[in-house]
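Contents: one structure, followed by commentary.
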Amino acid sequence: MKKENQSFNLDFILLGVTSQQEQNNVFFVIFLCIYPITLTGNLLIILAICADIRLHNPMYFLLANLSLVDIIFSSVTIPKVLANHLLGSKFISFGGCLMQMYFMIALAKADSYTLAAMAYDRAVAISCPLHYTTIMSPRSCILLIAGSWVIGNTSALPHTLLTASLSFCGNQEVANFYCDIMPLLKLSCSDVHFNVKMMYLGVGVFSLPLLCIIVSYVQVFSTVFQVPSTKSLFKAFCTCGSHLTVVFLYYGTTMGMYFRPLTSYSPKDAVITVMYVAVTPALNPFIYSLRNWDMKAALQKLFSKRISS
């Protein structure tokens, strides 16, 4: 009990992206530039979808949810990084650290399952166009979105509770700019074997959406290649290209971080986390709007309304 009380009274020290202060100053500027872009870009996507009745369909409903997840995902960590840098502090409370870890895991899972739902939506639209409105009904969309949030939160809870039960024996220095599960497990002086097993189980849960995405796109392209039409092929690539780009960005960075043994983790890996915590959520609005004529038109309409009013 004494050890548990000591842990709950412990303040962690977030070492930042690197151990070099000059490099952390550079990352501060990067975060300071990226965060407003993330908020503005994703908020514009949500507003454009809400304002344009032509975008009131499953594909854009799922995209709006992805933008919402990305806004919250970035807001869990980046404001704390910016505030600590400005205040000259690196501290975060034990409770604050656990909350940060909980939301990061929950939102990462919600993000991955939303990406899977978007791939499923495209597969149904291209492979079963006559049954699309029946399969992707408003009720189905709500269930897919609700399911992604429920799975995310239920996946994050056991990891958070297990981490809360660990002792840290005064070890305070977290080798990252936020409370990630891997540096916390390496920091603990308790037996973390069960925690590690649960973490790998969580990685498995995280991998399921990727499997769904692969199956969905195999179905999409097998359908498209059966139709001897260059126009159909081009349309499929335009429709799915943006989503596939986001999937590669998201899973490429997270797999490089978590699909490996805990012992291989090093402080240098914090640089990788910048990619999926800050860069990917900022790029998503540009990726989805640059190659999507309907989204471009909706954004232009939104801006013209704001200017005229």
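Glycine is no exception: its Cβ is also placed from the backbone N, Cα and C atoms.
Note that the structure is a prediction, hence the values are computed from the model and not measured.
Membrane topology per Swiss-Prot: Asp11 and Lys301 sit on opposite sides, carrying different topological domain names. Cβ crowding, taken as the number of other Cβ atoms within 10 Å, peaks at Cys97 among the disulfide-bonded residues Cys97, Cys189. With a cut-off of 8 Å on Cβ pairs spaced 6 or more residues apart, the transmembrane segment (271-290) and the transmembrane segment (196-218) reach fewer than 3 such pairs and are scored as not touching. The topological domain 'Cytoplasmic' (121-139): residue composition by secondary structure is 16 helix, 0 strand, 3 coil, according to DSSP.
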